[in-house]
């Protein structure tokens, strides 16, 4: 990675504080284990596999938080070129439009400019991952029955960020020399969701051709 690019990714261009894993917790150890296998250059397909003896819920929780932090950062690097004028709807090309819906203000799916959608999305995910009832941090506190459902929803919505960035802002990514970094992050994300069947294949459709070239 070039020095300029390192600065871009190290500068905290996220819109919100990163969710950190507390040292000494089981999740921190798993996070280290996941990072170590990536740093060792392990094939990404292997790196995403559940380590022997580990709990699937913990493994998914660690990755959801990690992907949130990384994808948030990727969007942060191109956010200056994603405006209400350039992206009046949150889309992935002419065929795919994403509407926002939540339990509060937007009870019906609502078309929004991409920056507004992204901001609501990142805020919503942050609330989920910081909610102890959904992502418990204490050892021995069980995950709720709805955990996988929430994790799948988070990952499906994060995938939409990749769709928008690749289809509408890839020239900006290339311009910044960030192409390899974004591609690696995408491959890691894709292999992970495929390994544990976490995203409906219909959601993956917009990047299908690119994925078939990139992820063998």
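Note: Cβ is positioned from N, Cα and C throughout, glycine not excepted.
According to TrEMBL, the protein has these features:
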{"type": "BINDING", "residues": "82, 87, 164, 169", "note": "Zn(2+) binding site"}
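The structure, with features from TrEMBL marked on it.
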residue: 82; record: Zn(2+) binding site; Cβ within 10 Å: 21
residue: 87; record: Zn(2+) binding site; Cβ within 10 Å: 20
residue: 164; record: Zn(2+) binding site; Cβ within 10 Å: 24
residue: 169; record: Zn(2+) binding site; Cβ within 10 Å: 22
Which are the residues of the chain, 82, 87, 164, 169 excluded, whose CB is within 8 A of where the CB atoms of the Zn(2+) site average out, their centroid? 78, 81, 86, 114, 115, 118, 165, 168
